[in-house]
Amino acid sequence: GRYLKKKNENKRVIISNLPFGSKKRKENPNRYYDSNKIKTTKYTILTFFPKNIYEQFHRFANIYFVVIALLNFVPVVNAFQPEVSVIPICVIMAITAIKDAWEDFRRYKLDKEINHMGCYIYSREERAYVEKCWKDVRVGDFVQLQCNETIPADILLLYSSDQNGICHLETANLDGETNLKQRHVVMGFSSQNALFEPEFFQNTIICEMPNNDLNKFKGYMEQPNHERIGFNIESLLLRGCTIRNTEAAIGIVIYAGHETKAMLNNNGPRYKRSKIERRMNMDIFLCVGLLFMMCLVGAVGHGIWTGNFSEHPPYDVPDENGNFLSPVLAGFYMFLTMIILLQVLIPISLYVSIELVKLGQVFLIHNDIDLYDEEADLPIQCRALNITEDLGQIQYIFSDKTGTLTENKMVFRRCTVDGIEFSHQENARRLENYKDLDLDDEDFAKFQHFSLPPMNTERQATYKQRTMKPLGRCQSARAHFQGHTRNRSLGRRDSNQSQVAFSSTIEKDVTPDRRLLRRVREATLQTENLSPFIHMKTSTSLTDFFLALAICNTVLVSTATEPRQRVTVPPPIKPSGITLEKIHQIFQRLKLASLSQSFSSSQSSSDLGASFSAKNTEEHLAALGCCDNDDNCCASGRGDELQGKGSTDIGNASLDEVFKSVTNSSLPTDFCYEAESPDEAALVYAAQAYSFTLVSRTPDQVTVRLPQGTLLTFDILYTLGFDSVRKRMSVVVRHPLTKEIVVYTKGADSVIMDLLEDSAKADISAEKRMKRIKEKTQKHLDYYARDGLRTLCIAKKVLNEDDFQKWANFRREAEAAIDNRDELLMETAQHLETKLTLLGATGIEDRLQDGVPDTIAALREAGIQIWVLTGDKQETAVNIAYSCKLLNQRDTVFTINTENKETCESLLNLTLEEVRKNYEVEKPQRKFFGIIPTSFSASEAPSAEFGLVIDGRTLNVIFQGGLEEQFLALTKHCRSVLCCRSTPLQKSMVVKLIRRKLKVMTLSIGDGANDVSMIQAADVGIGISGQEGMQAVMASDFAISRFKHLKKLLLVHGHWCYARLAKMVIYFFYKNVSYVNLLFWYQFFCGFSGSTMIDYWQMIFFNLFFTSMPPLLFGVLDKDVSAETLLSLPELYKNGQNSEIYKLSTFIITMLDAFYQSLICFFVPYLTYKDSDIDVFSFGNPINTISLLTILLHQALEMKTWTLFHLVTMVGSVMFYLVFSLIYNATCVVCNPPTNPYWIMERQLSDPTFYLLCLITPVIALLPRFFIFALRGTFGASLILKAQQLDKLPKGQQDLEIQKLRSRKQTTSAAAVSHGDTETQGLSTSDVNPLSKQTPEEGYCFFNRWAEEESTATDSSAGPFSGHYPLVPSRVTNPGQNSGKLTKDNANNFNHGSHRRSVSAVTL
């Protein structure tokens, strides 16, 4: 028994609840699991007070004040009436408690709403599904779900109304993804045709314990005969998701309530301590030190004072034994009394004020219209309420690339089939004009087809009309179609209608490439006319290429009406020009032709060979080259040959007829595609543009409409999904006509290229051909990557029946396995995906978000270092870095890729040496030319000439080999750093390394689940609520919808929040010190007896009410510089970066100023009333009034923004003080014996001396501060002061001045860069044609000098490392010779390298 128990400790066993009715509830083993009721509140009515007080005592200051208030109840040391001293701490804690209670009440209301939602649960008594609340769902219950219903708990799917046992989920509530996910009924339950009967369910479910991993779940079901059926995440419906496109689904509850994966993932907002708060806690300890010093002075003074009396004074009362206190003990008691008296030195209201101010700041940020995204209807979300001021002190930004800098809208750009590149110029032009185009339907359709061959216009036009229909998904199952047209705001997400993912017009409407369209037409013509001169191979690989694009994915087809219905049955079609038998013959013929071709060097293949001759290669490269210009792409000679073949005219006619017949047929044309990733959608839309249209998909079949209009239905035998280890996906299908089994694979080029068939087995001509195709495709892939496109390779493989059967058995065993199932499945997939035949490759553009280059340039100017950490390919990442101004054309870019520790170390050292050399040369020159502006010191701003590119493997070596110090030393000198191919873990390790070692403020920004760890590792985490879901947003402190919003968020709001809060904190310290010192100076005149000259109530109200409003208003509304100026002069941000407003020096100066002001406020009235017969409170009242005025005027000096609010609070504070004093002094007759403040204020207000004091004293007290402000404005004008002066100028003049400032700055930095340019020219070792691929041996390092103009000289002189390069292998004498070799191989291609950057490389 114990063994079983132990074994099941980390497993959960679930059985049906039905055998245990309401009577046998106690016997039910499921009763120990959580119910489905959720409670996110912290408190109940009973626990609120104890729990909230306990939480508030986590603050050091609160404990301190409570202890002092209690100390005041001890008779020996009390300074005030004990009851009075409790008031401040009670008020402060009450305000905080009310705020907490309000937040908790909001949570309670939300919980109640969710708990009372309805769902259907099977009831044994009624033998039917009855409606119950969510909170009544229990583990082991059977739940029935309908279309568009939200799932109440984590449920294992046992039945679906879909005949294939599939249920569709929309996970938008969980991760924000609007695309549909498929879930499958547990194996063994899917075959049933009858409705599922819960009564007959007798299996036991064993699964893992509740955890928060949304992508993993495993377990098995044990039947009464001990047979086991395994299941995984594919059968689990998660709480919070919505059922779509499935009429009904039934399942058993596995996890409920707080044990569901959704609830385990929701941690709520995070609490971080901001930099100011950390600094402030230190200063509070300094204040405590100051307090102890003052109390010590008081205690010692009191001891000396009492020790000086020869006999005890009359007020010194002995105890009952007639003994008097010894001076030492009297001094000790006085020490405690003084602590109570001077306790206000520690600002008690500061913490609450800061919380209120931050709430105000968050409110203003949240309501900033510039940070609102109209398209997505999303404002900025501030999830962490307590780090707004950290936004103003950021020094490093770590950004993801895909979806953060780019749109995550994938647009098909170009492709290469069989080694021939199709540049899709028309499509490129469409994308350029896309932004300027007003999307009216007619103009759009016209504009789209200005460049299409005539045969296609009719079809294209119908195709366009249908794509303009709105695609939406309504929440209710009976929704009628809403006919709103989709104007400019593409992809607007209405509250009741979520769009189909990845289906904006820009992604869908692909304009075909003329040359490729002609080839596709010829291929279809040839198959129709069976012309004798077919290049059979090309036409089959063309057809195969587009079939692979259409089939090799998991895209669902649904109609564009609402609610979306899945298309599973291919639609009926009128017979078109071609019959199925004819197609069948064609495919057989093609098959024979391709077989004959691969085994003999037939006429056609040599013909094809000719087209790949050197002449054509050059021509083709030239074509590639001029594709970059705006002219029409120069067609390679091949296209003209084809036109000259003569049969195209006849072909045109017959094909036109075919297309007419298709267009007029009854095929419903409005499909919408639901893809799991934007890349998949882009490829299906590309295939559709060439008339290979995906028409329907079921788990067993997929139907494609060919250009001829025929429908082909493939049987899907297996689908091997994409995963990040294999980096590819495959489908195994049976061809409907040739009956062969074909595997279509698409994936990353780095992987597919290694899986291609070894060409040595074929004959010589075929081998040459395959090798040539591979080389050319690789060349195109490198070119695409340089162009910043995302590349995918497409390949196929034909299996014979025996091999397939063997593999299928192996796969079935793996699927049924319970232990190490994942490893076995991976192994079977890898076993199948080998010896592939390359069909071609695609380049998909992930478009840059608008405003990204501008934002990055501004953040750069603000002195922020920007790193990009991405999982993407190196070439793509480098390219995006150039296009978004992260790297400059003039930069020297170092690329370090190696897996060897020694190599890595020496590369880092070499690079560092090179960078430092450059630095040493530049420093004296720069200073000599007077180039460094005052705010720019070499240590703080990195040189603008170096970039570093590093990959994930190298990062591993750096972290494991302890090379962090060298890496950091190098990155400090780099303008920007790109980490490519990095895992989520590496991203967070990099952030932690920089934060820990360099002690800087970091910000991470990302949009996907893979960025979560990086977002949580940084000081400030920002999530982008984009297409990749909400996980990043859930983990973040702030969520924005576009990268460009970062500019205003940091440069404006960040600057303001920091400046306001820093000034407010310092002001609080000043206010309390200057006020408390008044009491301290008085001690010298009252024998250090701990008595006061100000009434207790006045003292307590002073901080709580009289001086509390102005600083709050200042903290929320003050703007030291206007938003426009902050945006146009980003370097103003450095003020916050260097913490210039609030640091130790400013704190000490403020303290000294407070001491000076308190001396003035005390001694001016003292000297005025000296030798008069005035009583204590009549002496204290003017001091109190003067101090109040001084403190408020001090605040007025600091304020840069004056509104009606500010004026009202300032005047209001003084008025409130006077009114309160008058009423209190009039009513308080005997409330404070033996001295009473009766009628004091009334008497003084009739005394001219009082008015004179109130006029003169604040002026004398504030004179030094005012004088320093004036001096600062006149002489050492800092940038902030200049900006404030600019703000006062009229608009036109202001712009001129800003431009002057900026141009002055640019000339200096340009001069600095040009210096660097001449210095590092020697680095260039050779120019290597960008289209050639180098394969690095062990590790290599690029020293890239991106030149403005292409230098074609093949300079093979030895590089700077020829003499002392430690790691050069013996066969390469020096880098120079090596580069010479490289150059020779590429000499033919040299003139065609149209790439505008020259690359100089030193290869190890």
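A Cβ is built for glycine as well, from the same backbone N, Cα and C atoms used for every other residue.
What TrEMBL says about this one:
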- 24-84: domain 'P-type ATPase N-terminal' (DOMAIN)
- Asp400: active site, 4-aspartylphosphate intermediate (ACT_SITE)
- Asp400, Lys401, Thr402, Glu680, Phe722, Lys746, Arg790, Thr870, Gly871, Asp872, Arg981, Lys987, Asn1010, Asp1011: ATP binding site (BINDING)
- 1033-1275: domain 'P-type ATPase C-terminal' (DOMAIN)
- 1319-1333: compositional bias 'Polar residues' (COMPBIAS)
- 1371-1392: compositional bias 'Polar residues' (COMPBIAS)
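Checking each of the binding-site residues (Phe722, Arg790, Gly871, Arg981) against Asp400 (active site, 4-aspartylphosphate intermediate), the C-alpha distance stays within 10 Å for Gly871. Around Gly871 (ATP binding site), taking its Cβ as the centre, 21 other Cβ atoms fall within 10 Å, counting all chains.
Each of the binding-site residues Thr402, Asn1010 was scored by how many other Cβ atoms lie within 10 Å of its Cβ, and the smallest score goes to Asn1010. Using a 10 Å Cβ-Cβ cutoff, Arg790 (ATP binding site) registers 22 neighbours.
Each residue in the domain 'P-type ATPase N-terminal' (24-84) has a pLDDT score, and their mean in this model is 86. If you draw a 10 Å sphere around the CB of Arg981 (ATP binding site), it holds 19 other CB atoms from the protein chains shown.
When other Cβ atoms within 10 Å of the Cβ of Phe722 (ATP binding site) are tallied across all protein chains shown, the result is 18.
Break the domain 'P-type ATPase N-terminal' (24-84) down by DSSP state and the numbers are 31 helix, 0 strand, 30 coil.
Site extent for ATP: the farthest pair of Cα atoms among Asp400, Lys401, Thr402, Glu680, Phe722, Lys746, Arg790, Thr870, Gly871, Asp872, Arg981, Lys987, Asn1010, Asp1011 sits 27 Å apart.
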